[in-house]
Amino acid sequence: MLGCGGGAKLRHSLTVASGFVENLCFSGIAYGWASLVFILKNDGYFSDLCDITANATDPGDIITLSGERPGDNIIQSDCSGQDEQFSLVFTVASFSMNFLRFPLGFLFDHFGTMATRLLATCLYTTGTLLITVSSPEQSALLFPAISCLITSGMLFYTTNAQVGNLFDSHRSTVISVYAGAFDSSAAVFLIIKFLYERGVSFHSSFLVLSVCSVIHVFRTFFLMPKTHIPYPLPDRYAYGVSCGGRRWERGGDRGERDGGGGERKGDVNAKYQKIAVLQKAESAPLQSQDKAGPSRPDQPERVTSFRSCVLSWFFLWHLVWVAVMQFCHFLFIATVNPMLNRLANRDQTLVSQYTNAFAFTQLCGVLCGPWNGLIMDRHKGKPLAPGETKQEADLRSSSLSLFLTSLQCLLFYVCFSSPLLPLQYLTFILQVLNSAFIYGGHQAFLTIAFPGCHFGKLSGLITSLSAVVLLLQFPVLHLIRELLHGDPIYVNVGLTLLTLLTFIHPLHVHLHCRSLASQRRARTEQEVTNSGSKVTCNRLVGM
């Protein structure tokens, strides 16, 4: 039974499996926005922003929307205002999520997993219910609805990222698999679109999604910790609800009753989390960057302060890396539907075909996530270099992942900037691949480079600062509509050049690791020289 005796491995397996399902089906559904926009347009949301002009010239003409042949159309409509409003909905939602991430990260660090997940569940339920009760006359409900959905999804993913701590040798792989599942969850809106085209109301589909909130509540109480999952994981660490129905967490043998029942051990678990944080801080690269002197063996390592983390070059270049690529992806999602309409000459059959293709490639994101994890964990199980710490090895391994992610983003926007419609299939593939690498690599890098006690705050601060960059979407969208007449080619070329900044981060990490390796070699040579001098002195004294 869960929580009893030897049920720890079973609980760990259920936690990682259910977390995968949660990320796959719920966390990133808002990123399937293009599929939902197709439905909302058909139902007439924001249709009052369309300018309709009749082409009838004879007084006796009967005005209809369309005839049996394309040439029979006698009404032209300019729905650029409607497209802009849909783009604005996603832009406001993405900005809200990013802006709130720092206070939500503070909530996660200080109040733990349970409080954060309960808030996420409330936001998720609110978002799905708002869409369920919405109508074309109440189109404005989409603004709070999508904001709630995208924020709750990020909270679910953040709380699930710590599950990788349960599997030391596959830690980055678990995080990356979850990132891929997060990406693939965008295909939920594709399924809703397929059901809609077969006569199922999308309001009913969202009502079903709302009922699924019970899954999140179940995982929160039975398969997730009340506080956090520490790293490294203490021996016999346990969490969740015990056999007697009481919630408990423990870490290690000290303070545990003989027989291992369901005694509540929150204090013991907090102590082991503190020990884990101290272990995490050992040989932190930030200490090398700040030129902190080596501590004495009889003194415990001090945890790097939050301020020192924020003021480090690692944080600065990682912020640039995340902000630039996130801006590119959010702008792409906000403009992909108008882009397809423009390249397909508003042929709705063709637009639907490409929208389905985009959503299908998003479903394949779950297959892309593990690749990044395997790249970051490729050194696990191999012997460390003399004097090299485990954390330094993880950092060295992450540089290749960061470089490949930047390269993918560059190629993705090169394809997106092309006016060739068939090339957008490759754009969709690169976007999904790159998105899976970004989120998995972002979370994994923070767990490697910084102390775990600051994870929520650092992740939230980076996302909140990225929200400032996302504010540029408003003038950019206005620029595309008013000055570029709906053609974003010049904006896309500019963003393509901007992605070159992201290559600085992997280069900086690589050079930092080389510097640490050089220092190790110098110390080793110095130790050899010193030991040789001592031997010579001893021989002279003996003579």
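Just so it is clear, glycine is given a Cβ too, placed from its N, Cα and C backbone atoms.
Annotated transmembrane segment per TrEMBL: 20-40 (among others), in sequence order. Using a Cβ-Cβ cut-off under 8 Å and counting only residues 6 or more beyond its ends in the same chain, the transmembrane segment (20-40) has close neighbours at 46, 86, 90, 93, 124, 139, 142, 146, 149-150, 153-154, 156-157, 160, 177-178, 181-190, 192-193, 196, 202, 209, 212, 215-216, 219, 333-334, 336-337, 351-352, 355-356, 358-359, 362, 366, 435.
Remote same-chain partners of the transmembrane segment (115-133), defined as residues 6 or more beyond its termini with a Cβ less than 8 Å from a stretch Cβ, comprise 26, 104, 107-108, 141-142, 144-149, 151-153, 155-156, 158-159, 202-203, 206-207, 209-210, 213, 216-217, 219-220, 224. If you look up TrEMBL, you'll see 115-133 (among others) marked as transmembrane segment.
Annotation source TrEMBL lists transmembrane segment at 139-157 (among others).
Annotated transmembrane segment per TrEMBL: 177-196 (among others), in sequence order.
If you look up TrEMBL, you'll see 202-222 (among others) marked as transmembrane segment. Within the chain carrying the transmembrane segment (202-222), a Cβ under 8 angstroms from the stretch's Cβ atoms is held by residues 2, 15, 18-19, 22, 25-26, 29, 36, 39, 43, 113-114, 117-118, 120-121, 124-125, 128-129, 131-134, 156, 188, 192, 195-196, 240-241, 247, all 6 or more beyond its ends.
Residues or ranges marked as region 'Disordered' by TrEMBL: 281-301.
The transmembrane segment annotation in TrEMBL covers 310-334 (among others). Counting residues 6+ beyond its ends, the transmembrane segment (310-334) has Cβ neighbours under 8 Å at 31, 33-34, 87, 90-91, 94, 98, 285-286, 289-290, 402, 405-406, 409, 412-413, 416, 431, 434-435, 438, 442, 445-446, 449-450, 458, 461-463, 465-466, 469-470, 472-473, 476-477, 495, 498-499, 501-502, 504-505, 508-509, 512 in the same chain.
Long-range contacts of the transmembrane segment (400-419) within the same chain, counting only residues at least 6 positions beyond its ends with a Cβ under 8 Å from a Cβ of the stretch, are 321, 324-325, 328, 332, 343, 372, 375-376, 426-427, 430-431, 433-434, 437-438, 441, 444-445, 489, 492-493, 495-496, 499-500, 502-503, 505-507, 509-510. The transmembrane segment annotation in TrEMBL covers 400-419 (among others).
Annotation comment: TrEMBL describes 425-446 (among others) as transmembrane segment. Note on the transmembrane segment (425-446): residues 31, 157-158, 161, 164, 171-172, 175-180, 182-183, 318, 322, 325-326, 329, 332, 357-358, 361-362, 364-365, 368-369, 371-373, 376, 398, 401-402, 404-405, 408-409, 411-412, 415-416, 418, 455, 458-459, 462 of its chain, located 6 or more positions outside it, place their CB under 8 angstroms from a CB of the stretch.
What TrEMBL lists as transmembrane segment is 458-477 (among others). Outside the transmembrane segment (458-477) by six or more residues, the chain places 84, 87-88, 91, 94-95, 97-106, 108, 154, 158, 306, 309-310, 315, 318-319, 322-324, 326-327, 330-331, 334-335, 442-443, 446, 450, 491 with a CB less than 8 A from a CB of the stretch.
Tertiary neighbourhood of the transmembrane segment (489-511): same-chain residues 313-314, 317-318, 320-321, 324-325, 327-328, 331, 395, 398-400, 402-403, 405-406, 409-410, 413-414, 416-417, 419, 476, 479-480, selected by CB-CB distance under 8 Å and a gap of 6+ residues from either end. Annotation comment: TrEMBL describes 489-511 (among others) as transmembrane segment.
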